[in-house]
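Worksheet for the structure shown next.
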Amino acid sequence: MEAITKNGSLSQTLVHCGPKSLSSFIPVRCLRFSKNPFPKKLVVTRARTSINSDHEAANRPLFQFPPSLLDDRFLSISANQSEIDSLGRDIEALKAKVSEKLVCMDVKERIHLIHLLVSLGVAYHFEKQIEEFLKVDFENVEDMNLGEEDMYSISVIFRVFRLYRHKLSSDVFNRFKEENGDFKKCLLDDKKSLTKQWASRGNTWNYFVGGSNEEHLSGHIKNVLYLSQQENAEVVMSREYIQFYEQETHHDETLLKFAKINFKFMQLHYVQELQTIVKWWKELDLESKIPNYYRVRAVECLYWAMAVYMEPQYSVARIILSKSLVLWTIIDDLYDAYCTLPEAIAFTENMERWETDAIDMPDHMKVLLRSLIDLMEDFKGEVRSEGRLYSVEYGIDEWKRLFRADLTISKWARTGYIPNYDEYMEVGIVTGGVDVTVAFAFIGMGEAGKEAFDWIRSRPKFIQTIDLKSRLRDDVATYKDEMARGEIATGINCYMKQYKVTEEEAFLEFHRRIKHTSKLVNEEYFKTTVPLKLVRIAFNVGRVIDTNYKHGDGLTYTGIVGGQITSLFLDLITI
């Protein structure tokens with residue numbers, strides 16, 4: 001078929017997207033990302049290659065994916081609406097008592113309480129109150145920390161202020177360090193403080209070794225070492241912390257009861273949402289309409305959405321995001337693991353035109369694209385009464401940008417081309433899908449106005465840095481599988497080619513860059529001026545990638561996150 005050239009037409013050559021090269025990714029802070037790395041339109045003048053030829057079909061990059069977690073255990077669970085309503089009334093009664101505590105405490109006590117509210121997953125009930133208190137308290141933070149020698153207290157203060165975008169310097173920990181930068185040896189037995197310091201900063205753990213005499217503290221430490229608070233999903237951390245807090249000797253019974261009731265309230269909402277998504281998936285009936293080349297990830301995609309926003313008021317938003325992720329996974333697998341190059345070109349062309357029949361392609365691909373188009377129409381129905389149709393149009397534009405990038409990767413894989421690392425990253429930061437995920441996360445949020453979507457489209461450094469970190473995580477986690485299905489244009493391979501290093505050296509460098517970009521994400525978190533709630537959504541999308549890819553490809557090999565998913569859906573918290 002014709003290829004993409006400077007004026008937007010198609011040819012058999014590779015797609016050229018954005019600037020020809022990026023500056024070196026060392027250091028990453030010097031990187032300047034293109035705001036428009038892909039041509040806005042792809043235009044086909046005529047098709048010259050049959051997309052159904054036997055030769056092409058014989059060269060499909062077939063790959064057998066592991067099954068979904070969605071089995072009878074998940075399909076059999078249900079939520080009683082009367083129980084949800086009863087829990088809601090209990091929450092309102094307890095919320096008033098907790099709110100009184102916030103008002104009556106002195107500054108340090110209040111910050112410790114805010115830390116508990118965040119850790120227990122109930123801070124969202126008091127967001128406005130908390131933000132107002134911290135705005136005033138931060139003006140006196142130096143006096144608050146003066147003479148404070150309790151490392152646990154300093155760690156709590158540090159975490160709370162930074163979480164609410166008050167940039168408290170990590171220099172507050174210098175008082176606990178030797179001249180060489182190590183923590184004082186006398187602190188090494190204070191496991192709780194060191195755990196909190198590690199969790200709040202997300203730094204490499206160099207100081208704590210050995211076990212704990214307190215079993216529940218030992219379990220908490222293991223959780224933090226597996227995924228720090230900067231990396232883990234809030235909903236998972238809340239579930240873990242409630243269990244930890246219950247075993248603390250001096251826990252507050254009112255807070256504990258409030259947290260348990262609130263979490264079960266959320267869990268029952270998640271169960272209802274899963275039922276909605278499963279019903280939609282069954283009615284879609286893609287399993288009988290398209291070849292079985294793809295991952296079915298309904299419950300896993302809802303878990304992703306829960307990690308982006310866990311609050312009950314975002315139930316519709318989670319359903320919108322989950323459905324989008326389910327279809328994206330299937331289309332991503334179409335490009336990566338099934339379609340031929342002419343088919344990939346045809347699908348992308350039809351996607352650009354937002355039609356199923358503009359360019360000839362197999363019926364199963366028409367069904368898939370029609371499913372996506374219909375889903376976007378459903379979303380328009382959800383936001384029409386709010387006057388936010390523009391939000392879905394922004395989302396559609398992000399789909400097109402994403403699939404143009406996927407086409408480029410497909411071309412590289414099908415032609416055996418290995419670009420240099422800089423060329424690869426221009427495309428790779430798009431195929432990571434952070435931008436499209438943030439866009440669809442915003443669609444269901446009434447508070448996300450046109451300015452929020454303009455912010456995404458401006459390609460702010462905050463999101464671009466999350467893009468980069470996510471791309472690096474994904475490249476490390478998926479390298480072996482991508483090689484197995486013939487995708488030789490991987491980040492690792494491209495880095496080895498450009499810098500003439502071994503595979504082992506490339507992996508070490510990728511891990512170093514992941515650590516470095518994590519610091520950059522934190523820096524940009526404080527520089528970004530859009531509303532805090534929206535910034536946190538983007539930040540949480542990055543956390544989703546950490547949670548699912550730090551220890552392997554959790555979307556493909558769902559056992560990696562199976563324990564977390566089970567704890568949220570199947571293990572309902574006891575009150």
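Note: Cβ is positioned from N, Cα and C throughout, glycine not excepted.
According to Swiss-Prot, the feature motif 'DDXXD motif' maps to residues 332-336, out of the candidate ranges 332-336, 347-351, 517-521. For the binding-site residues Asp474, Thr478, Glu482, a Cα to Cα distance of within 10 angstroms from Asp336 (Mg(2+) 2 binding site) holds for Glu482. Tertiary proximity for the motif 'DDXXD motif' (332-336) is limited to same-chain residues at least six positions away from its ends with a CB under 8 Å from its CB atoms, namely 61, 63, 65, 293-295, 344, 347, 365, 368, 403, 406-407, 409-410, 413, 482, 485, 487. Neighbour counts of Cβ atoms within 10 Å were compared across the binding-site residues Asp332, Asp336; the minimum falls on Asp332. Annotated pair Asp474 (Mg(2+) 3 binding site) and Asp332 (Mg(2+) 2 binding site), C-alpha to C-alpha distance, rounded: 14 Å. Sequence-distant contacts (6 or more apart, same chain, Cβ under 8 Å) of Thr478 (Mg(2+) 3 binding site) comprise Thr490, Tyr549, Asp553, Thr556.
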